[in-house]
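Q: I'd like to ask some things about the structure below.
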């Protein structure tokens, strides 16, 4: 506690404080001598006036070591038990029991409560296992453990001790180490018993910065060193790093002291600073965050690398978001959050960063109010590693470069000799002093002054000894005895010599601090600050001890102190009596007087004197001052006594003030000197001054002033001039006084102006009535130095400096550096002065400059170059990595320098460098620059590919190779990306971005850039080059798009449909995907048409059914010209030649009866990479090349070759098909009939086979070790809608998730898959490409993101966008606007059995005519649900599965009774639908059921409908389906709807019931027509009943009606299984058929239309002329893709699932398969879709390497994991086996997988019964696919699948 109130006011306050103690002691037990925060107060000055530190006692022999307490904790390191270390400063606090305690926390995470005056440990606790320094890559600043390293804070209102602790997630002694497992916790500990307060500890792991969401907290790399700040309801902590390593940022973290809720997560690398930019740590050598306790916080930060400010002045009120090298002022808001309101950053901040010279190596301290002057009311002080001490105006910190000449706008700057890691010591009394502890140098003392409203700190003294030569001298600390002048003490803690040194605060007359005591404390911790209690000072150590120094606080005598007042010099006062009372029985053995002879004693009794307790004795003292000013001394009474606990000395303080009635002369300083003055350099010479002071109360009369140039005793000479300007030798004394008024001082300027070089001296004797003093004046003059500045030439010579010419580096190529030296020589005479560098501003750390200095040490300010010597500095020109074919540019830099050579002057030394890049041909013949200029880095997939043609992808890719091939093919643009891909095109990509986003090296030359993944690593970018002769290089967007009116005598007819059963035009050409190229390719044909953005077709007639369509249907722009339209899905922009008549030369293979010649043009290259052309070969049944196939509309010879690099052969066919193999199939032979005549779809300049003809190439260098081909990614787009979900925008993620209803992760993630899992929720979103989240509301803080973060492709469909890092592609459910159907549902849930079943209810579409296909509950089955639109009304349920089975055909009555087994609980869903048509129907009944039991493991990719152990009843019109499931086998039931036609009015209800134990379920449904595929785990021994009934109020029999029959099939196994499906219907059906399943296990789903803007099945595709249904199914099965779709007779497409809006009853699948005319293979834009039900579903394996599956459990928090041992994560390769193996090898019993990619181990399952928080969860919750195996489940979101060994 401190106070500067006058004594009378202080006395009043003392009364009030006494009353406070009496009445509120039960609330606040804080004692006046306690230290509860770092430095004793939140201003952090370390000035403490309240600890009974009397200089008379501290300086006596009685003050010494009271105790040293050994801390019992040790920790095993390398086989040795190492002692504890105390880096967190002890705190001193008096509890409610009235006893003062010391609270200690150590680096081993142990905490202690110790009695303050005895050192006895009364309580202890271990918080955590400590973090090991061995995990910090050689950073041993704190060694060997890191636990509690920051000084905590005690809240006296709640008796709570707050601190932070570093540890690991695994608390077992043998648990996993490593930085990724590091954790930081916030603790709130009771000071009574060291127990944890409620709501604590708080785990900080993973918290996201409030002001920069891309930054998150990792406990392993961060370090909490600053002292904690408690103000109001909040506590704050600062964080930095370990040794400035790793990707850290500074943090200010705040929490509510009661709830533990984080109220602030402030990153000093704030908004706009990328996630990989480190810096701005807050560590301050352990100093505390400061506060004025009036709503402001202050701190200083370290260096960083964002460098937002670099040479541009910024006002302090407009702070940057990157607070590096800054003193920061923050407002503490009411809610605990912080707002930056002001800052200061040194003008040389960039240079400080480069040299790692933190400003924030010491805390920013807030000086007491005594340090104020004029308008500057509040002053702060901070010193950095640069050695500069800054005094700041706390109300206007100064900003950046706001001072004169762009320097610092601060109160004052002082340059110390070396770095400073210690906060200043502060003494506000007796005028005010500041103490700065400098490494390797003395402590400097500054005295405060205020002159004309300007504050100033004058250096007046030093400590007598130097501080340690190694890092560690502690923070300055000053005490006083209750703010009494003359009682100030400076305490210094150091790591060498005397580890605790105590000085008088006021320097002596010799300019030095006077040491009064010192102690050696072994193992003193670096950067400590002495901590005070009641008359005791404490020091922590690194060797396991706590030291306490003091004097026994109980004095045996109570003696009155004497105050003599003011007395004249050498005049004795009247004697005053000292009376002493014995506090205990005592023997006084002696009395002695300490200090100066200003005091004397008399009347002392005879010693030894025995005094009984309570008795008195007395003696007298007098005061005879010998000097002026406050004087004091002490009488020390030496005693002995029987009672323990009493001091052996009792000091009796004597005080008085001396004054002189007579004049008294003082001269300061007594020596004035000059060094290094250059003769004649400064006109009029140089000045210093001396102060002549009269300390007396009478006028001082100077009777004589004598001068000598020999010595202090003469001989004396007569000076020249007058008393106004007295000249002696080279010195001139101005205004030498003849008198000085009482108690006043006069300043005498002295000028030194030597006429020639040499040494000069003058000795001045001043004789006065106040005494005689001698002043020594010494100086030396030197010859001028002569500077020669030179720069190294390229040949090693030296070029003299000429201020009209720049020093040059010549041409320097990108990505290279050239180093040259600058040399400074002193060519002066032998007597020349040293050449001094007075100003030196090297080009060091200048952002954006390619020229710089190696460092800022060489030729820095203050450098001295002696005569005949030279020094050098190295500079460089380092040209950044850039693309080739960029324009050369000039780099310049400036070094501002001035010297003490008057002929040199201030120079701005200029440097020049010409930065050049390589130039790739073709070259401009005149400039020799590349014609294809670098255009920039462009965003790819924006949406879709930005360049249309992939020329190649290979391991030798370079930009020059790509440019060469694109130029040869005639393209305007060439682009490289993904390191190995080359793309060409005619249109410039849309969005140019910063070049830093293109960051991939080319596979053929790592020194070149070939695209990239962005600054954040989450994007896709292409490096672009453009033909400057055809492209103006600007960013103007292309016009249009528009319908090309035609060219080459062709005229546009408009938009046309495809034919009914065939292509509108029957000849396909491949013509570079533009209208013009297609028209060129169709020369000789009457019609030309473009479709799907670039497919080109020709013909002489339009096929039947091809009719004019809306122009908007042809809305796809041309792939290679986005300014024009090229048709659309199943729509062509048709062009007709001339006036509609055939051209004169007909084509040879057109339509109709004409046979015109084949258009000429395409050629066959002889080589493609390593492949050599062989010939045109015939295709054969089963494929000539069968190892690999690829079909794409952008196929080129190069892309085929790049996909076949691992094979001996590749062949291209039909213009768009690519095949690979190592052998040719039997029967394939060279074809000479010209069949290989089709141009490549991706490059019409070359031939890509033809009908049944392969353009064949062979790799003559092929070996079996040829690597596999790279992938060829496609461009992503945003899916606009999925069923009733509509795309909203990209939203930000928040801590705790924006959507919290459900989470799913899958390596096969698609937007459709996520939508299916989020049925029933209002929102769903995809993130990070493979994560899906559902919810009914968005969490607070999730807002629209506009920074492009949603740029990652879906893991299951790379053509679509699935969010990004902390970015959600958000979709919202939109209720349909109208409906003619109604539905209702009611659900009840009760526990059931342990099996699982699923029920899916599909709501019919909104039209009044519909068919509903639905699957009843089937335990473990595959559920297929669809709504089928038709012109008639039909509602039916069909279940189909596969043989071998026992079949029966059953007709049942129209009335059935539903029942639910009484032994099972049920979940009931009730829904109803109705539809009405205009006619009636006659009753009919039929029942068809086919069921099969297959493997218990299935897979799901699109629309998993799962219900973990549920019993479900779905009611539709009063009939019931019941399903009961036992164990051991798992049936899979596939339901397929078969279309019928009827007319009439019908209504129905479907009821489905399944056994259950859980209420968790996910229902996939669609309000419109839809189809989904689901694989559900389950068990066998299934008994199921399906009953459907529909009724018609009135019906009339119609001729030709048929009865639909239900086939019931039962699988015969060893277990019991029965299935009965009963259907009663009243339906008129004109036709009914059930196609046989010849393609088992694939099930025909129906005919589906293509999507309007893309492929329905887009994961894989193939095409050939021998296409059949089995071959397509086989192709898709080989890719592990369940859905196969056939289109246009010969095309095969594969996928995971269908869009929920897809109908499967479309017409048009009528084209025979190309390889089997008896089979149907889709049609124009229609796919025949099959689902392979044999693919294994994902599962949790029962047994893995002796570990048995235990089930799914909750994992509620990172703070208390269900499995708390070792952990690891793998985002690409995690499997169940991987995790079990990891745990098994480490000896753990339990292994668990979570979130698809995380693995945890433990020896105990942390369930509630075991003291944890985990609980059993439904199996459906553990349904995330493993990242390393899509056939395995790896837990879920906050759900962990667990295995146990040995059971």
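Glycine too: its Cβ is placed from the backbone N, Cα and C atoms.
Sharing the features that TrEMBL gives for it:
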- 1154-1164: compositional bias 'Low complexity' (COMPBIAS)
- 1586-1633: compositional bias 'Low complexity' (COMPBIAS)
- 931-1024: domain 'WSC' (DOMAIN)
- 1049-1138: domain 'WSC' (DOMAIN)
- 1170-1260: domain 'WSC' (DOMAIN)
- 1284-1374: domain 'WSC' (DOMAIN)
- 1641-1733: domain 'WSC' (DOMAIN)
- 1746-1846: domain 'WSC' (DOMAIN)
- 1145-1164: region 'Disordered' (REGION)
- 1379-1414: region 'Disordered' (REGION)
- 1439-1563: region 'Disordered' (REGION)
- 1586-1634: region 'Disordered' (REGION)
- 1-29: signal peptide (SIGNAL)
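In terms of burial and nearby residues, how do these features look in this structure?
A: In terms of DSSP helix, strand and coil, the domain 'WSC' (1641-1733) has 10 helix, 40 strand, 43 coil.
Per DSSP, the domain 'WSC' (1746-1846) is made up of 16 helix, 40 strand, 45 coil.
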Q: Can you tell me how the residues of the domain 'WSC' (1284-1374) break down into helix, strand and coil by DSSP?
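A: Residue counts in helix, strand and coil order: 7 helix, 38 strand, 46 coil.
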Q: Please identify the stretch among 1049-1138, 1284-1374, 1641-1733, 1746-1846 with the greatest number of Cβ pairs below 8 Å relative to the domain 'WSC' (1170-1260).
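A: Comparing 1049-1138, 1284-1374, 1641-1733, 1746-1846 against the domain 'WSC' (1170-1260), the winner is 1049-1138.
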Q: Among 1284-1374, 1641-1733, 1746-1846, which stretch has the most Cβ pairs under 8 Å to the domain 'WSC' (1049-1138)?
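A: Checked against 1284-1374, 1641-1733, 1746-1846; highest Cβ contact count belongs to 1641-1733.
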Q: Looking only at the domain 'WSC' (1170-1260), what is the mean pLDDT?
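A: For the domain 'WSC' (1170-1260), the model's average pLDDT rounds to 86.
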Q: Give me the DSSP three-state residue breakdown of the domain 'WSC' (931-1024), ordered helix, strand, coil.
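A: Helix/strand/coil tally for the domain 'WSC' (931-1024): 13 helix, 37 strand, 44 coil.
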Q: Using DSSP, break the domain 'WSC' (1170-1260) down into helix, strand and coil residues and give each count.
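A: Here the numbers are 7 helix, 38 strand, 46 coil.
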